[in-house]
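Take a look at the structure below.
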Amino acid sequence: MRKRTEPVALEHERCAAAGSSSSGSAAAALDADCRLKQNLRLTGTAAEPRCAADAGMKRALGRRKGLWLRLRKILFCVLGLYIAIPFLIKLCPGIQAKLIFLNFVRVPYFIDLKKPQDQGLNHTCNYYLQPEEDVTIGVWHTVPAVWWKNAQGKDQMWYEDALASSHAIILYLHGNAGTRGGDHRVELYKVLSSLGYHVVTFDYRGWGDSVGTPSERGMTYDALHVFDWIKARSGDNPVYIWGHSLGTGVATNLVRRLCERETPPDALILESPFTNIREEAKSHPFSVIYRYFPGFDWFFLDPITSSGIKFANDENVKHISCPLLILHAEDDPVVPFQLGRKLYSIAAPARSFRDFKVQFVPFHSDLGYRHKYIYKSPELPRILRPQQDPGSSPDPSMSEPV
């Protein structure tokens with residue numbers, strides 16, 4: 001019996017020992033598993049910010065890349081347009097003509113050109129002339145300011161008869177863009193009217209409410225028609241022609257033609273003039289981005305000539321026989337001052353002016369008159385005031401430099 005029970009006891013002891021060892025190893029395994037999970041949690045919490053930072057960086061890089069791609073597309077589009085424009089202008093010269101005339105730019109907007117009184121010109125009459133068939137031009141006639149009260153309610157016939165009075169007349173030829181109702185133009189009419197002048201101005205065909213297609217020949221013919229219309233009503237009163245900017249090209253075309261037919265005006269006044277349209281186009285601020293473009297003349301200037309646009313002031317002044325006054329601001333950003341000076345240097349020694357005075361009046365850049373504000377000069381009345389007999393009509397050619 002003892003031998004049989006001993007193995008059983010031993011077996012029980014071995015089982016207990018095995019059980020205790022297995023439970024110990026299970027506990028150890030459990031502890032190890034807990035430590036592993038804790039380590040993984042700690043590692044995960046530390047990695048989360050790193051992952052978020054990486055994701056944010058990737059998004060930022062993605063946005064930058066997208067922005068760079070968009071900028072590159074825009075750059076290529078701008079470059080393509082920059083290269084295409086010269087070819088477009090070369091193939092369609094009419095575009096260049098439109099850019100020179102800018103007759104489609106009507107400023108100020110929403111004004112009724114039939115009512116000059118809306119612009120503060122209560123002594124002005126609006127009427128229409130017909131230089132050619134299918135061409136009608138709108139005209140404003142402002143009488144001297146001293147007649148302001150007498151002019152109220154008067155009709156066109158009264159204004160036409162007034163041209164025969166003893167007051168001198170200025171035919172004003174405006175530049176490109178806008179209409180005869182432009183703000184700076186209206187201010188000049190007021191100044192000249194206050195100095196005792198009749199002021200007659202008009203919109204060339206294709207400008208404002210005038211009917212027709214603009215061209216250099218057409219603009220010149222319109223001016224000739226208005227001049228003849230004035231002379232037919234003004235008797236022996238002096239008639240001066242005043243051109244501004246592009247209007248100086250029309251003015252010299254007109255006066256050259258008048259001199260050739262031996263009916264010159266009493267004086268020619270050029271405000272902010274250029275030498276010729278090619279030099280002006282090359283000097284214009286809009287041409288800066290293309291000035292050094294290969295073939296600039298061929299692309300941009302030749303189409304102007306092929307469109308029949310020259311406005312050759314430098315050639316015209318050699319055939320003009322009447323007093324000449326040139327006004328130019330040194331800070332003119334549209335027509336460079338040196339072009340006005342150059343035109344004077346061409347005109348002064350010309351044989352056609354040997355019996356007439358040629359005057360150049362510069363305005364210092366500190367005055368800020370730029371391209372169209374010379375009318376603000378307090379010296380303007382003195383420049384236009386006669387220097388001879390005080391009782392005679394004003395003669396702009398007798399002015400002195402500012």
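Cβ coordinates come from backbone N, Cα and C, glycine included.
In TrEMBL, annotation is done automatically, which means it is predicted and not curated.
Residues or ranges marked as compositional bias 'Low complexity' by TrEMBL: 386-402.
The domain 'AB hydrolase-1' feature in TrEMBL is assigned to 170-273.
Annotated region 'Disordered' per TrEMBL: 383-402, in sequence order.
Residues 95-96, 289-290, 293, 295, 299-300, 303 of the same chain lie 6+ residues outside the transmembrane segment (67-89) yet bring a C-beta within less than 8 angstroms of a C-beta in it. Annotation source TrEMBL lists transmembrane segment at 67-89.
Note on the domain 'AB hydrolase-1' (170-273): DSSP counts are 46 helix, 21 strand, 37 coil.
For the domain 'AB hydrolase-1' (170-273), the predicted model reports an average pLDDT of 97.
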